[in-house]
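> Structure provided below as C-alpha cells; questions to follow.
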Amino acid sequence: MGARAEVHAHDLVIVGGGLTGLRAALQACRAGVATAVVSKVHPLRSHSVAAQGGINAALGNAPGYEEDTPEAHAFDTVKGSDYLADQDAVAVMCREAPAAVIELEHMGVVFSRTEEGTIAQRPFGGAGFPRTCYAADRTGHTILHTLYEQLMAADVAFYEEFFVTSLVTDGGRCTGCTALSVPPGEVHAFPAKAVLLATGGFGRLYSRSTNALINTGDGAALALRAGAMLKDMEFVQFHPTSLAGTNILITEGARGEGGILLNREGERFMARYAPHSLDLAPRDVVARAIETEVAEGRGFPGGYVHLDLTALGAGKIMARLPGIRQIALDFAGIDPVAEPLPVQPAQHYSMGGIAVDDGGRTGVPGLYAAGECACVSVHGANRLGGNSLLETVVFGRRAADGIIDAVNARARPDPGPAVEAAAADERRVAALLGREGEEKVPALLRDLKETMYRSFGIFREEQKMQDGLSTLTALRKHAAGASVGDRGRRFNQALVNLLELEDLLLVGETVARGALMRRESRGSHTRTDFPKRDDERYLRHTMAGLADGKVVISYAPVTIGTFEPQERVY
Ligand SMILES: Cc1cc2nc3c(=O)[nH]c(=O)nc-3n(C[C@H](O)[C@H](O)[C@H](O)COP(=O)(O)OP(=O)(O)OC[C@H]3O[C@@H](n4cnc5c(N)ncnc54)[C@H](O)[C@@H]3O)c2cc1C
C-alpha cells in the first residue's frame, strides 16, 4: 500500500444500486450527466430485489373500486403515518404514483393482470381501496431487473463491491466520496459534483429482521458524519408476518389475498384490535396485536401465531403467491395450501432516515438522499405497505431531476480533497487490520442487535430503553478496540463487518435517543409508560445531528395539509 489512491471522477456518484439508485441513475444518464453507481454488492443483489407484495398507485383498476384517487391514497398514507408524515411530500408521491407505475410498465415490468388486461391491484393494510400493483409476489425482483436492463443500454459506470467509507466535504460542500474496493482491499477516491445516497435501511440493527444482511444503515451514518441531519429515527417498522424462526418475510399480500391470522385457540383475534379492517389493519396495529396475543399466552410455544391461507385454494396460491409457498416449503417444510404458517413480527423498515426535501436535498450542499435511507417524511410514524417501492421510484427520479440542473451549472471539483480523504481512509483501514484487541466483531454485533430488539422493539418503556442506551454506549467503547481477525486485504468481509458495526452503533444511538425523548405513543413507537398520542407536545419531527461526535436531538415542525390529525380507528 502507500501508493496514491485510484481516482474515478464523475459528475454524479450514486451510492446504492437498489431501486432508488437505479431509477435516479437512469434519469441522470438520459440527461447526459456522467453518472456512477457505487454499490457494496452487485446491484441485482440489493435489498429491493426481495420486495414481494407490490407498489401503490391509485389506478382504480380493481373491479368495483374504480373511484380510487390520489387524494384517497394520500389520506390513507397520512392516517397510516399517525399524522406525522409531511402532507406536502405525501401529496407529491400519491399524485405522481399512477404515472410512475405506468412508466415502469412501459419499461417492461411484467405486472400481474386483471381479466380485462389492465394492471391488477390487491388490497393492502390500511388502504381504503385495492391499490397495490404487483407482479405475483416478486414485485421488487421484476422492477429491479427491468431498471437494470434499461441501464445496460445507458452510459453509466457501475462500481460493484465498493464499500463507501466516507463522504468528502470541501468548504461545507460535498465533493465526492471514498470507497473500499473489497476484492483488492484498497480505498479509491470518487470526486464528484454531487453525491446521491440511496443506501437503503438499517434493518440489521435488530436481531429479528426481514432485511438483507447488507442493510446496515451506512448511508445514515455517512450523512450524519458529513454534517447532515437524520429525521424521525425512532420510528422502526415491525412487519407482523415473518416466518417464525427464520424471519423471512411473508408478504402482506398474503392477507390481501384473503389470508387470516389465528391464535392458538383458533380465534381470529384481529377482530378485537381492529374490528373493521381486521387482518388488513396497518402494520403497527397488527404487529402489536400479535405481540400481545403471544405475551398473554394465546400464541404458540416459540412465540408465534398462525397465518392461514388454506381457504385461498391451490390455484390462487400458485398464481398470486408462488414465492411465499416456496419459502414456506423450503424454510419451514410447510405447504400453505394445506396448513397454516407460523408467523411472528420482525423488524422490516426504517421510516426515519436522512432528512431531505422532496428534491432529495440534505442540509449539506451537493449531498442528496432518496429511498429508504432518506426521510422525506411520507411514512411518518408508520409506513403503509406498497408505499416504499413507490417512494424509491418517485423520489429517486425527483432527486435526479434536481441534481441534473445543479451539476450542469457547476464545474467538476478539485479532486484533491477526495484523494486526501482516500489516503486517510487507507490509513484507517491499515490501522483496523493491525488491531490486536480481544473484542470480536460478531459477538459485538450480536449484542447490539439483541439489545435493540429487547429495548427498542415493538413495546418500549423508559427503564428498558435507558438500560439499552447504556449497553450501546458500552458497545461503542468495545468496538473502538475490536480486532478484525482476518488481516488479509483481499475480500476481507470481516473488515467490512467492522465498518458496518461502527455505522450501526451510530445509527442505533439516534434511534435510542429519539425514542427516549419521545414520551408518547405514535404509530410504530409504542411506549407502555406513555400509551397515548400527545399532539400538543410531540406532533413534530425528531431531528438528530452530531456535535463534537455526540448525537444531539432537536425538533422540527410537521407540515399539515388538508387532513387534520384525528384518532386512528381501523
Ligand atoms: C422482504 C421485504 C419485502 C418488501 N416488500 C415490499 C413491497 O412489496 N412493497 C413495498 O413498497 N416495499 C417493500 N419492502 C420495502 C422496500 O423493498 C425497500 O424499502 C426498498 O426496496 C428500498 O430500496 P432502496 O433503493 O432505497 O434501497 P436498497 O434496495 O436496500 O438498496 C441499497 C443499496 O445501497 C448499497 N449500499 C448500502 N450501503 C453501502 C455502502 N456503504 N457502500 C456502497 N453501497 C452501499 C447496497 O449495496 C444497495 O445497492 C420490502 C422490504 C423487505 C425487507
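Residue 1 is the first one shown; counting continues down the chain.
Cβ coordinates are placed from backbone N, Cα and C, and glycine is handled just like the others.
As the structure is a computational prediction, the values presented were derived from the model and not from experiment.
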> Which of these, ARG268, ARG272, ARG383, does TrEMBL say binds substrate at the same site as HIS239, THR251, HIS348?
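Given HIS239, THR251, HIS348 bind substrate in TrEMBL, the matching entry from ARG268, ARG272, ARG383 is ARG383.
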> Taking DSSP as the reference, which of helix, strand or coil describes GLY16 (FAD binding site)?
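For GLY16 (FAD binding site) - judged by DSSP and reduced to three states - the answer is coil.
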> Work through the binding-site residues one by one (THR20, THR251, SER388) and point out the residue whose CB has the fewest other CB atoms within 10 angstroms.
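Least crowded of the binding-site residues THR20, THR251, SER388, by Cβ count within 10 Å, is SER388.
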> For ligand 1, list the recorded positions among ARG45, VAL49, HIS239, ARG283, ARG383 whose CB atom is within a distance below 6 Å of it, in sequence order.
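Checked recorded positions vs ligand 1; nothing flagged, none.
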> Which chain neighbours of the substrate site, leaving out HIS239, THR251, HIS348, ARG383, have a Cβ atom within 8 Å of the mean position of the site's Cβ atoms?
THR210, GLN237, LEU249, GLU252, ARG283, TYR349, GLY385
> In angstrom units, rounded to an integer, how far apart are the Cα atoms of SER388 (FAD binding site) and ARG283 (active site, proton acceptor)?
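Computed Cα spacing between SER388 (FAD binding site) and ARG283 (active site, proton acceptor) is 14 Å.
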> Here's one to test understanding: among the binding-site residues GLY16, THR20, THR251, ARG383, whose C-alpha is closest in space to the C-alpha of ARG283 (active site, proton acceptor)?
ARG383
